[in-house]
């Protein structure tokens, strides 16, 4: 897509976005609420017309060939778009019929997909009675009825517990294994790392970074070391000591007072070792120590110099995306 | 997914949807809406109770006095009100379609439908088809209750014609309510709006009482009110009397409303954000 722009009145939800996704890969679009991710997906899936710019999906133009395009895409929205009053099987059968499968084909496809997404037992129950994870799986199944070449996953695991999230990830990985091209939007670095091969980071309707996962991770400082002293009172002295150490190139240490932990971004294994050594030298008893991937906040901090969703000088905070705000 | 991507080597997809496709899509969506009723039988309460409650209320509360004015008694009023209520039935069902449609929109299901290669009108046609089924059920119940309180069915073909006329006029009104359902923010406002528009139209008509006793300004309003035409046409068809003028007026309104509102509703639906 080229120079995609979407305005809502004065609000610019997308302020010129360029994006290329290679066939058979997963492109992760990472960004906070209001970044324009959902607007982007809605334009690419023909639900919204762009104000300017053009985009092709699987060779079809989103504005001029919407009907053809709708045949080759699948969409799983942020808010599970299944009919809650209909049983799971009926949901899939309905989509099959709307995709011009014969009655027999639609029945077979519904059975097959329920089986595949482990929903056969719940096939006759209204989708409204499903758990969150089951509903997302049904939603994914519904997107797969037409064997799409391109699948849009708009925050597929937002609001799910970690176990259910893993289930959904496994399903997405299987789909990718079958050669589906996926555009995934997410707020979680971890999700992007699990699923995507390439990443585009968006903020306020603009692309602020793009590249391979490893490349971006290196740019945003790789890992964060989370150190929790057994005695919370030691927190600040320890932070001060680490700051004074003068490990070259160490990003500023932050104190997470709420969880009584220190967050130390480290760029290399050498730095990691040096920090651990320094902590040991302070003779502090530790309750826990762990490394984690940078959070979305940290990614943003290092890429843009401001926190996600934090106001810039002139623009109002979070005004960028109409849709997500309304839905939130 | 970009200019550089080679389109997948598959059959070229046709942009046009054949008529059979439209019918298949509408059929599938009708099935969905019927399953809703099976899942949630309470949604049929209005269609079942409305004709019972209104018939009994009007016949026993106003029947005596208005009947006297008509030159008979309660008996005479039954002959007057039953065709009137039939005209009203279409209206009330039409109002419900807007509310239900709006609720649909506020769930993610509509996004899914709109991302499928179906004619966008199919979704609306299916709604109307199901609403017509509900209307026929309500009408049947109305006739049963009507007969129980003393309505004489003398003219079966006329009765069926009146049912048909109410149905086509009702489906014309549904386009208005579908438009409201698409444009308004939530189901409550759709309902409130529908109520505000319908109440004066219903009572300022010849549905419940003959307009001759109304003040002049109201009488002229009643005369041009399409609901009066429909009620009078239904009356003429079911119990006798002049029909032609009101029949043509009703059909004229039906065509005019549909011609204007159906494209508006489909357009609004197509371009909804």
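The backbone N, Cα and C atoms fix where each Cβ goes, and this holds for glycine too.
Per TrEMBL, the listed range annotated as transmembrane segment is B:190-209 (candidates: B:10-29, B:190-209).
Within its own chain, the transmembrane segment (B:190-209) is flanked in space by residues 58, 62, 66, 69, 81, 84-85, 87-88, 91-92, 95, 98-99, 102, 177, 180-181, 184, 218, 221-222, 225, 227-228, 231-232, which lie at least six positions past its ends and keep a Cβ under 8 Å from the stretch. Between the transmembrane segment (B:77-101) and the transmembrane segment (B:247-266) there are fewer than 3 Cβ pairs closer than 8 Å, counting only residues 6 or more apart in sequence, so the two stretches are not in contact. If one looks beyond the transmembrane segment (B:122-150) by at least 6 residues along the same chain, the residues whose Cβ comes under 8 Å of a Cβ in the stretch are 22, 25-27, 29-30, 32-34, 37, 44, 46-48, 50-52, 55-56, 59, 74-75, 78, 82, 85-86, 89-90, 92-94, 96-97, 100-101, 110, 113, 159, 163, 166-167, 170-171, 174-175, 178, 265-266, 269.
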